[in-house]
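Below: one structure, written as structure tokens.
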Amino acid sequence: MEIDKFVKEEDIPFEYGVVRERDNAVSWSRYLATKRSAGDELNLDWLYERCLKEIKDDWHLWKEFLKWRIELLNDCDIFRHKDEYNKISLLFEQCLTSCGKVGDAWIMYMEWVIQFKDLKRIRELLGKALRSMSWEYHEAIWRVVIDFIINELLIDNKRYELSLEDSIYYFVHGEHSTNFDTDLWSSSILQRYSLICDDIEPLLIYIFKTHDWSTIVRVFEKHLSPNLKPSQTSLFELYVSYITSMILVDNSAGVAAVVDQCIELFPFKKGELKTYLIFNLIRQGKITEAELYLEKVISETKDIIEFSVLYDFWIRMEELLTQELIQKMKDDNSEKQRLFANIRLHADTLTSLIKNHTIRLNDLELRREPNNIKLWLERVKLFDTISDKAKVYADAVLTVDYRLQTTPGLLGELWCQYCRLFEEDIEKSEVLLDKATNVPFKFLVDLENVWLYWCEYRLKRSIDDAIKVLSVVLEIPDNHELLLQKFEKGESPAQAAIFSSKRLWAMYLDLLEVKGNYGTAVNAYETAILIKAATPAMFINYALLNESSGHQAEALAVFERSVEIFPPSVSKSIWDIYLDVALKADITKEQKRDIFESAIKLAASGVACVSFFEKYSDFELNLGFHERSVEILHKGAKNISDLESKCTLWEECINRSEKQLDVNHTRKLYEECIETLPNSKAIKFLLPFAILEESRNEVARCRALLDYGSKLLKPAQNEELWDFWRNFETMHGTKDSFKNMLKARRFLEDTMKVNTEEVSRHADSIEFRASTAKISGSGPPSAEDKGYSNTAEIDLGL
């Protein structure tokens with residue numbers, strides 16, 4: 001008997017137990033544990049089968065038995081031990097007969113079956129399991145199957161992308177791409193799973209890898225929406241997958257609808273999205289429609305990114321079409337003539353696209369900014385022939401809205417360039433100029449540019465023609481002040497104020513002077529002054545015209561009027577010329593002095609009019625009034641506010657005093673200069689002053705000046721003074737004074753670590769005090785003076 005074969009003497013107690021209570025799982029478990037520890041696999045298998053015949057619905061025993069049987073087959077070849085694998089499958093079937101409601105049993109069976117990769121069996125088992133299991137176990141068994149699909153069936157499948165190269169190849173050769181493996185089994189399982197799936201994103205990603213386009217379209221149509229918030233990919237990529245699938249199932253209407261939806265969702269991607277419409281047309285063999293669509297979109301878009309994407313796509317499409325057609329013609333001569341015509345057509349299109357890229361880009365920019373004149377002027381440069389350029393100019397002047405211009409002069413320049421194009425055609429050029437002068441320009445400079453160009457154009461033929469043009473436009477209307485007010489308020493165009501154009505008046509007056517009619521020129525100048533169109537340059541020219549014509553008094557009168565009209569900062573340039581003319585004029589010395597006195601009043605307004613004081617001083621010097629000459633420079637040094645100009649005049653004043661006046665006068669000037677100038681500027685005058693005192697043998701005063709000057713700058717920055725002082729002490733000093741000089745330098749080198757300019761601003765800083773000593777004349781000093789100057793008179797203020 002079989003029982004005698006497996007039951008040993010030590011098993012008898014267990015046998016009594018299981019015989020008495022056949023349905024007692026505990027007794028069976030103890031018995032099985034004993035057998036398991038014995039290591040007899042046949043005996044254990046026999047005992048498990050006996051046990052499960054008695055207790056058929058105990059899942060824990062079944063699970064224990066099945067796990068043990070499966071472990072026995074670990075590392076065994078599934079094909080060489082196929083019978084053993086089938087036995088386990090039968091055991092699972094027996095288990096499910098009794099434990100069909102146990103979810104874990106179905107899951108364990110599915111994991112076992114998946115090892116065989118028998119897709120039919122997996123699908124059938126999945127169906128049985130879902131029908132038998134309770135609802136809460138459905139997701140678990142689905143997870144097993146889905147993981148199998150992802151990790152085994154779709155592991156090598158890449159995300160399919162439409163290729164322009166493939167699309168053109170199949171278009172030329174008349175067939176559709178089949179360059180992908182369709183996994184119908186996986187797509188059907190995934191589609192079924194989508195009905196209960198909570199996380200739809202990974203399912204959409206993986207079902208797209210099955211390449212079952214019809215199923216993919218159905219699943220995407222049902223589950224993809226703008227509300228989806230993917231984490232593994234982007235919503236845009238999911239929509240691209242959807243569009244790609246519809247293209248591959250030839251659903252043109254669906255493609256167009258979804259692309260339109262995506263353009264609203266992803267406006268920054270509309271260029272790329274529209275390429276899928278072109279892919280769809282190419283797949284349908286409608287290459288001409290694809291080209292027309294590209295032409296339409298590129299000609300209408302205002303989006304630079306969309307333009308770039310589609311333009312590059314079109315160029316690549318034409319390149320591939322040309323290449324594939326050439327290759328087909330090489331392979332098949334039967335349609336050589338038709339293919340050659342197509343090659344020529346696409347090659348011409350490609351050439352045109354490459355050649356006209358800059359022009360088309362300019363088209364786009366002008367669609368975005370039609371009133372941008374700089375773009376129109378750039379566009380003109382893109383064409384070579386006069387007719388093409390003329391068309392651009394014509395389009396520009398018709399398109400540009402003068403009311404929206406913000407840059408003065410550009411619109412006028414556009415019209416001038418337009419007219420310049422037809423300079424050789426006098427009649428046409430004059431017609432264009434007439435039109436240009438009637439444009440209601442917003443800015444005066446635009447209309448000025450047109451009239452100036454017209455004048456210069458006429459001047460090439462005749463000066464009289466040029467004068468005639470300007471005399472018309474500069475005719476003063478009766479209500480000219482009212483017209484100017486309206487223009488300034490923006491109520492009238494530039495034509496209302498053109499008569500007051502300073503640029504036109506300048507040109508007109510220059511032409512009249514060249515013409516040589518003095519009376520006409522004077523009347524024109526007076527008219528310009530009357531309407532306040534005269535500039536400083538016009539006044540100067542008017543005065544010089546009078547001077548050159550022998551009307552000296554009138555010239556000076558014009559100068560006098562002009563300096564009264566313009567503010568000091570502007571009138572300085574007029575005074576420069578006025579003074580030169582006045583000096584040469586046949587008028588009295590007093591009149592010239594009056595003119596100079598008026599000129600130097602500009603100093604009170606903060607104008608650095610150094611040259612006026614210099615000219616005035618030279619004037620008095622030439623007359624022999626030496627002291628007055630110095631006084632004028634002295635006055636300028638005191639009155640001019642600009643520090644550099646002040647220093648210049650002090651230097652000239654002192655130099656002239658040394659040459660023309662006595663030493664007492666010069667000393668007073670030095671003292672006032674040093675006292676009034678900031679220390680940083682005063683130091684420039686200290687050394688010459690010290691040299692002067694040394695020359696007068698004023699040793700103590702010279703030493704005090706050097707001591708004062710040494711404290712204004714760091715010794716390293718004041719070497720010239722220290723060198724002089726060293727030589728001075730060598731020649732005039734004593735041993736003690738020389739030591740004191742060295743001590744002073746060492747002290748200053750150690751302590752002077754701050755900016756002396758800042759120190760000089762404080763109340764306790766170095767202060768210069770002028771001497772009150774009476775010096776006799778300019779002769780040599782007396783013995784009483786030698787070495788006995790009152791040194792207390794120079795207070796160092798330390």
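Yeah, the Cβs are placed from backbone N, Cα and C, and that goes for glycine too.
Quick look at what Swiss-Prot annotates:
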- 5-37: repeat 'HAT 1' (REPEAT)
- 39-71: repeat 'HAT 2' (REPEAT)
- 83-115: repeat 'HAT 3' (REPEAT)
- 117-151: repeat 'HAT 4' (REPEAT)
- 392-424: repeat 'HAT 5' (REPEAT)
- 428-460: repeat 'HAT 6' (REPEAT)
- 478-514: repeat 'HAT 7' (REPEAT)
- 516-548: repeat 'HAT 8' (REPEAT)
- 550-584: repeat 'HAT 9' (REPEAT)
- 587-622: repeat 'HAT 10' (REPEAT)
- 661-695: repeat 'HAT 11' (REPEAT)
- 697-731: repeat 'HAT 12' (REPEAT)
Q: Summarise the model's confidence over the repeat 'HAT 4' (117-151) as a mean pLDDT value.
A: 89
Q | Close approaches to the repeat 'HAT 4' (117-151) from elsewhere in its chain (Cβ under 8 angstroms; 6 or more beyond its ends) | A | 96, 100-101, 103-104, 106-107, 109-111, 185-186, 188-190, 193, 196, 203, 206
Q.
At a threshold of under 8 Å on Cβ distances, which of 83-115, 478-514, 516-548 pairs most often with the repeat 'HAT 6' (428-460)?
A. 478-514
Q: Please work out the helix, strand and coil residue numbers for the repeat 'HAT 4' (117-151) from the DSSP assignment.
A: 31 helix, 0 strand, 4 coil
